[in-house]
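A.B. asks: Take this structure, written in structure tokens, and hold onto it; I'll ask about it next.
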Amino acid sequence: MAQEVLKDLHKVRNIGIMAHIDAGKTTTTERILYYTGINRKVGETHDGGATTDWMEQEKERGITITSAAVTCFWNNNQINIIDTPGHVDFTVEVERSLRVLDGAVAVFDGKEGVEPQSEQVWRQAAKYDVPRVCFVNKMDKLGADFYFTVQTIIDRLGAKPLVMQLPIGAEDDFDGVVDLINMQAITWRGKTEIGTDGTIEEIPADLQEKAEEYREKLLETVAESDEELMEKYFGGEELTIEEIKGAIRKLTVNSEIYPVFCGTAYRNKGVQPLLDAIVDYLPNPLDIGEVNGTSLDGEETLTRKPSVQEPFSALAFKIAVHPFFGKLTYVRVYSGQAIPGENMLNSTKNKKERVGKLFQMHANKENPVEHADAGNIYAFIGLKETTTGDTLCNPDNPIILESMDFPDPVIQVAIEPKTKADQEKLGTAIQKLAEEDPTFTVQLDEESGQTVIGGMGELHLDVLVDRMKREFKVEANIGNPQVAYRETIRKKVESLDYTHKKQTGGSGQFAKVIVTIEPYNPDPEELEEGESATYKFENAVTGGRVPKEYIPSVDAGIQDAMQYGFVAGFPLVNIKATLEDGAYHDVDSSEMAFKLAGSQVLKEAVAKAKPVLLEPIMAVEVVTPEEYMGTVNGDISSRRGQVFAMEDRSGAKVVKAKVPLSEMFGYIGDLRSSTAGRANFTMVFDSYAEVPSSVAQEIIEERTGSKA
């Protein structure tokens, strides 16, 4: 029998578990589920039995791809956990999870410290202001170094860690932790069976001095956060445990500090204190307080408090296909209450929805509930129009909550069904997968007639194609990966005049526009909410020379024309268009005429604006033994890469470089063979940059030649 969802929001935690791939976050989640009584048998990532890894591909690959939502209970508190992927190709899963969470556990590998993907996920968490506690995992690993890992949190993340525990021993001799608040040791000696509670002991004599030093630092941090505590502490009085914990909680909720704990989830050491920390220090929905949104017309700012007395509002953050129920929509309810069979409004799309069943989820198992209340995470069944990032609300009190930004895909492949039956199944598969994943894109290449799918990396597309085969039984031929090139302009073209005129008897078509286009590279920090970083349209028409009902048509026409660039037919980006003037005709002007004028003026302007080709550049980090440094650097140079930093890490060398994505296909095989399998690498998308003319010529010839 499933435990009831708690109504007291003080006792609810909505948290994510985030990390670099292989830092051990799925294993940490599995242990949490075991200790909280959800799992009778513990799952292991390496044998494909992890509860939160429920897709076939996840079980095979031993990595987490989708964010499974799991509800569990610890000491009469409810913890809703989202297990997020650590592989860079799946950053969208991390992004959409963080948007709806109140707090997170950042898991670090005790040997590697902060790794590239940890940095990216940390930045994403900072973007959504998510408070975090840190868990230094794998303390039993050869080379594990707790103090090094804490230093990397300072050096690489620019964060302020607050050490809450010290490790007792390391590697095979890791036996437990020193609890710096209670000044006692908690030990799990020898091989610890799953479910074993730690033993409370005296602090080992050889750690006593270090423990006192770190407790002093902890107390100073606490005292400095509050005037009363400062007076008490510097006046020589003892601070109580409640005062210390309360101050740390406040600092954590405000993201001023990040408490650090340690252990080894796989060896069952340190998990229970981490659960206590989640409850003690991470915020509940009431700490987060009200959320902001806008009215349907975007004119008015509205707020919703985390209370069932408020009008219903929720954000859909994930779509999944359930084998029995069909489409599952994961939602975070921010205010009010929903019940099965109720009508609601999808305010993002302005469409009515009716919710069927409501579930509290445990990975891919579901527990039906009779109502979905403010502050909790649920899965809704029966929503037809809702996709990721949409707001659901009470139709009588509409609100649009802040949505999510998703990056454009950087890699594409052509996909061709093998038979006519596969063609129909492919259409269904693509539609379902695109609903689930906003970074999965589909387009028809008009000249070749091929269906082209796009994603965030080779692994991302591999998994999607694999799912088409397994879940939708689609047999298809897949082309080689193609880079998602873009085009832009380098020169401003002012006041270009274009008149669209057609007279064929009866009413004709007439629209005149005068437009300036220029390069557009805004500072992301200065963008308003919802503003694009790659396109801006400004209306500077005065005196009604173009009626206001036709202005959006000019904008739409310009955006349509940006889908096919002048250089090689790739989409145009980083353009600002200003409509300065124009003219209309009472009878012959229409929305369509102004849309066509917008398209044509853009095409003519781009031709004069020095159009260039852009390519995605990846930030690459290679970890290699020192003897292969020369080989690695030489190989990066041969791929048009630029090395911008080198550093030492855990006895190895780290090479940081920026390399065009087009040069990185097959890199893992080349790197392994040239370093006897001893080096590895990670890469994340960095930016778009202009393609050198010699390389651009090849791309243009290949693109236009293949279409000839």
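Cβ from N, Cα, C; glycine included.
According to Swiss-Prot, the protein has these features:
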BINDING   19-26, 83-87, 137-140  GTP binding site
DOMAIN    10-286  domain 'tr-type G'
A.B. asks: Where does the mean pLDDT land for the domain 'tr-type G' (10-286)?
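C.D. replies: The average pLDDT of the model in the domain 'tr-type G' (10-286) works out to 81.
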A.B. asks: Provide the three-state secondary structure of Ala19 (GTP binding site) computed with DSSP.
C.D. replies: strand
A.B. asks: Note down the number of other Cβ atoms within 10 Å of the Cβ of Ala19 (GTP binding site), including every protein chain shown.
C.D. replies: 28
A.B. asks: Enumerate same-chain residues with a sequence separation of six or more from Met139 (GTP binding site) and a Cβ-Cβ distance below 8 A; give 'none' if the list is empty.
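C.D. replies: Residues satisfying the criterion: Gly110, Phe146, Pro167, Ala170, Glu171, Phe174, Cys262, Gly263, Thr264, Lys269, Gly270.
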